[in-house]
């Protein structure tokens, strides 16, 4: 079967890393990128050099209005570059880009993201949570995808992609009565380098490099959409901390069935080695956040960091590269959708 042809709208952090993941995984073909704010020579520079993930281990050049991305042992990608502000005006069909990654962070509703369909795209994958598009987390509920009705879908958030696989394993084996999640989250582009005004909560606008900033996140509640039996049982919040990448979920839950920490470790390791291989990972090493930069997993369970008050009340810890792990799942979701027609 031929690879899915992919277009990327928005060549920011996630857009560029989706392209890196696509090159590395070699399971889809990127044929177009749209970004009205970046010239093609600047795209080459931004893709080649990355302060967090390092220099691209291949070559990137441009020829006219095409980016050429190549890496030894991988398929090369000849990528048409568009510069349209209006998603409906992007001629995705002209390069047979059937699948569009909507990674601007702007067009996150079904109505807004479906504008890509007017230009010839067949499916749109929003790389963010969506208020109304169905959310799919690879390894958790992606098999519920409905090819005949789901033309615009959401890959949920990076935090939901970390939390949901772990919550599924724990709920399937022991049952979750209720739980609270905290994510200690790396800075993102929405934050301010120094104190400035914020459109949401005032403290969101405080300097990202100077502060630990309490923040809201819908990631835990979103798990209830992905795993319906957990709906209303989880909520959470975030602390934004001054690190550039890699975040960590702390999931504190009450269990229906009592479980020792060894019991929990066994089922998580079995899932990581079995049905969730490549999505969920397991480590007993004395790891810290930088150990997971460019890790392609959604969720890496930290066995040594977990604690238990009693067999029904536990705190579980799982790491994630909030940029690269998530971008890998975007590519995986496209690959799965492509097999469903």
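Every residue, even glycine, has its Cβ placed from backbone N, Cα and C.
Feature annotations, reproduced from Swiss-Prot:
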| type | residues | note |
| --- | --- | --- |
| BINDING | 13, 14, 35, 85, 322 | NAD(+) binding site |
| BINDING | 157, 158, 159, 188, 217, 218, 240 | D-glyceraldehyde 3-phosphate binding site |
| ACT_SITE | 158 | active site, nucleophile |
| SITE | 185 | site 'Activates thiol group during catalysis' |
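Swiss-Prot feature annotations superimposed on the structure.
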| residue | record | DSSP (3 states) |
| --- | --- | --- |
| 13 | NAD(+) binding site | helix |
| 35 | NAD(+) binding site | coil |
| 85 | NAD(+) binding site | coil |
| 157 | D-glyceraldehyde 3-phosphate binding site | coil |
| 185 | site 'Activates thiol group during catalysis' | strand |
| 218 | D-glyceraldehyde 3-phosphate binding site | coil |
| 240 | D-glyceraldehyde 3-phosphate binding site | strand |
| 322 | NAD(+) binding site | coil |
Neighbouring C-beta atoms (10 Å sphere around the C-beta of residue 188 (D-glyceraldehyde 3-phosphate binding site)): 17
Check: same-chain CB within 8 A of D-glyceraldehyde 3-phosphate site center, minus 157, 158, 159, 188, 217, 218, 240: 183, 185, 219, 238, 247, 322
Rounded distance in angstrom between the Cα atoms of residue 157 (D-glyceraldehyde 3-phosphate binding site) and residue 13 (NAD(+) binding site): 14
Neighbourhood of residue 13 (NAD(+) binding site), C-beta criterion under 8 angstroms, separation at least six: 188, 189, 323
Those binding-site residues of 14, 159, 240, 322 having Cα within 10 angstroms of residue 185 (site 'Activates thiol group during catalysis'): 159, 240, 322
Close in space, distant in sequence - residue 159 (D-glyceraldehyde 3-phosphate binding site), Cβ under 8 Å, 6 or more apart: 183, 185, 217, 219, 238, 247, 249, 320, 322
Intrachain C-beta neighbours of residue 35 (NAD(+) binding site), sequence separation six or more, cut-off 8 angstroms: 9, 10, 11, 15, 43, 81, 82, 83
Whole-number Å value of the largest CA-CA distance among 157, 158, 159, 188, 217, 218, 240, listed as D-glyceraldehyde 3-phosphate-binding: 16
Proximal residue to residue 14 (NAD(+) binding site) among binding-site residues 158, 218, 240 (C-alpha distance): 158
When distances run from the Cα of residue 85 (NAD(+) binding site) to each of the binding-site residues 158, 218, 240, the nearest one: 158
